[in-house]
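Now, the feature entries from Swiss-Prot:
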- Gly2: N-acetylglycine (MOD_RES)
- 223-281: region 'Disordered' (REGION)
Amino acid sequence: MGVVVVSVVTLLDQRNALPRTSADASPALWSFLLRQCRILASEPLGTPVVVRPANLRRLAEPLMDLPKFTRPIVRTRSCRCPPNTTTGLFAEDDPLESIEILDAPACFRLLHQERPGPHRLYHLWVVGAADLCVPFFEYAQKTRLGFRFIATKTNDAWVGEPWPLPDRFLPERTVSWTPFPAAPNHPLENLLSRYEYQYGVVVPGDRERSCLRWLRSLVAPHNKPRPASSRPHPATHPTQRPCFTCMGRPEIPDEPSWQTGDDDPQNPGPPLAVGDEWPPSSHVCYPITNL
């Protein structure tokens, strides 16, 4: 049992930036990319296992014909607000509809470990935005794992936030690949012909020489940590990005701290308005975007 090939399929803009989350790119682009991935996954390079974000369920119909254990999902939300699993283009999978894993590196380790029984070969596909792909990029660099990089490069900016991809995560050389025609009446049918389709192989860098690693180990204990800044720095890693509503309001406590007029802890009442201003109501993560 083992992974013979890893392919990362994602979107890029002209500045080599990924959409930070799935909701930061057009759902029509994801629909096209997932269909391309399903067609490419039929190549005879091992059993295909496609990892995608949970919030692409409505756009992942081409993948649902795969066996359940070969189409795992990752819930990439970093918010504490309740998920939207019923409505909207970016609704998530229902419970038990798909196998859930922690992240793409966890899926790779699960497939690559030794197990008793017949030896099976897998082709791992990672399809998504920066919140899904970047943790795998970091894992691949740490473990010196090479992978195929398949991207659709658009001419337009993302609907939401971009995440610039460091050069170490990009292939040094790329060639073009020809996508299969878009489905009839696709919203981006005219634009898809203007996009670039890049394919390359990301090769891990050479290991540091043993002498250099030894010197680093000697100097590391004597490095003084920098004083902490008084201003909190915003989280820039794509896996730590909350939704826009969460970023615009203070953290909501888990339990209400108000009491009723009778001070009955078993029957807390609703928060009272101060003047003409009502307290903020609870919200649901629901990314709104346009096709």
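Indices start at 1 and increase along the chain as displayed.
Heads up, the Cβ atoms here are built off N, Cα and C, so glycines get one too.
The Cβ neighbour count for the residue listed as 'N-acetylglycine', using a 10 Å radius and every protein chain shown, is 12. The secondary structure of the residue listed as 'N-acetylglycine', as reduced to three states from DSSP, is extended strand.
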